[in-house]
Amino acid sequence: MSAESPVPNDPSDSLPVNPDSEPNHPSQTDAPFPVVGIAASAGGIEAFTELIRHLPTDTGMAFVLIQHLSPDHESLLSEILGRVTTMPVLQVQDQMRVEPNAVYVIPPNAQMTLVDGILRLAPRQKSKGKYLPADIFLESLATDRGNKAIAVVLSGMDGDGAEGVKAVKIAGGVTFAQCDATARFNSMPNTAVATGNVDFVLPPQAIARELSNLSRNPFLGQSEPLPIIQELPPEPGDPLSRIFSLLRTTTGVDFTQYKPASLERRIQRRILLHKLDSLAAYAQYLQTHGDEIQALYEEILIHVTSFFRDPHVFEKLKTQIFPTISQNKASDLPLRIWVAGCSTGEEVYSLAICLLEFFSDRATVPPIQIFATDISETAISKARTGFYLESQMEGVSPERKSRFFVPQAEGGYQISSTIREFCVFAHHNLCDDPPFSNLDLISCRNLLIYLSDRLQERIMALFHYSLNLTGCLVLGTAESVKAASNLFAPVDEACKIYARKLSLSNRLFAFTATSGRVPSLHNPQPIPENRSIPFDLAREVDQLIANRYMPLSVVVDEQMQILQMRGDLDLYLKLTPSTTRAVSFHFKQDLSRWLARKL
């Protein structure tokens, strides 16, 4: 790559504009169709040519090529590719609409996005000190096309495209990278492969063949995704019921409590990858391929995370929440935090870094315990290592990178032992396994959005049970406490931070026996939905002593609804049944007069 040139002040001065473009004009092709984003840098012309040469001209796909181009030299890529295919090969102009069976080439000195089927150009800019046109385009492609997005990363000398590939896979699309044997420069495809988000690693000619196969699959070629999930739980004997049964038997997880839309995207993607054409065929494939059950399981457990995601949330934690939960904490009592659904650890280490920064100017620092749990063994193993690629470090400032990470000779960064030593990672099924207790803070961000409303309510009650009286809960920016407003009060609604309310949460949920893993794939035993709360001798003794020896008392919430009573209060209160879980009351006449005089 040549040196960067100054960014033009006015994009219209340097970027080609399509004179016939009308951004709001309906497409000539109304039905959505697959769009393939193909990225390369050094050695890319050879790889582009080989791939395009072997593509059929009637796939019904559009092909958009992203290359690292010198900003001040004319690109000849369109002319070169025009010699090896009869498809139209066009250098992109701003506001150009993509059409199937055509090839689009990014112009020099530009970055490009796809929005509502229209290619938009902007002056090239650096992100985190780097020029990343592939990531920029592929991320927009994932947003625009969803499961009809396809990403291909070819020869190149940097890591551009790795984050874009991840975005496409999360959206339900299919991803490719060029293999070592054919890539002139392997850094770019290998970085994408190292993220674990590449489905096929092949030579360009084989990638063309797989794209042709995909174009004929009904799950990709239909104008709308084929509906495979009508309702949950599915009818017994239904292919979907067989799939969920195999998943539950193998992993111990009941996915019928997950939202159908997310499950549908994941299952459709696996059907595409295995070149199957129906849900019944996939159910049969699972029955005979045990490794695919684990692959589907990991696919459903989407690992969408990053360091310091939503920075304003971490700033609020440092300035308001950490002071609150650490106030009056005895020096020998640990600060206890639970990160539920911790994925590959970025959230955990971000919280740990913020805590150390918060305590850096304080004379005493309490012991810190961060419990990080996830249902995915793969994610937990990754989190335990604390190793991250350069492309995964976005969001970490240079100061934090130098203070809390150790650069590795082979590339990437290792979390420092100072941070790692107070983070405990464990496999944990939030829906079934008993929770942690006596916690000061729970962070569960961007997990609840994948679960049914019923399961969300149950988990909210579980979190309430786990927190100390002054404990706080942090959710994802697209989540809220919803029906659990009787359990949590907003501290900062914009940051989705909530304080625990006084309430009898233990009556709102019950534990089930820990699920574990069932070795056999046959005759799955149904998992009971509700089990009674295990008998707690210490708690029962406390209750007995309190009822016998404590003064008569009543605990109410801010709506004057009774939460708890101690002793026989019939002499003083008249209880009125309520339609809610709580009970309302009013004082009897003699007590009302006495209270009026005292107040």
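Backbone N, Cα and C atoms are what each Cβ position is placed from, and that goes for glycine too.
Note that TrEMBL annotation is computational and uncurated.
Among the features that TrEMBL reports, region 'Disordered' is placed at 1-33. For 32-211, the entry in TrEMBL reads domain 'CheB-type methylesterase'. The feature active site is assigned by TrEMBL to S41, H68, D160. Here TrEMBL flags 240-501 as domain 'CheR-type methyltransferase'.
Everything TrEMBL records as a feature, shown here on the structure.
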{"residue": "S41", "record": "active site", "Cβ neighbours (10 Å)": "24"}
{"residue": "H68", "record": "active site", "Cβ neighbours (10 Å)": "23"}
{"residue": "D160", "record": "active site", "Cβ neighbours (10 Å)": "28"}
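Mean per-residue pLDDT, taken over the domain 'CheR-type methyltransferase' (240-501), amounts to 92.
Look at H68 (active site): DSSP puts it in coil.
Distance noted between the C-alpha atoms of H68 (active site) and S41 (active site) is 5 Å. Rounded to a whole number, the C-alpha distance linking D160 (active site) with S41 (active site) is 9 angstrom. Under DSSP, D160 (active site) is assigned to coil, being neither helix nor strand in the three-state scheme.
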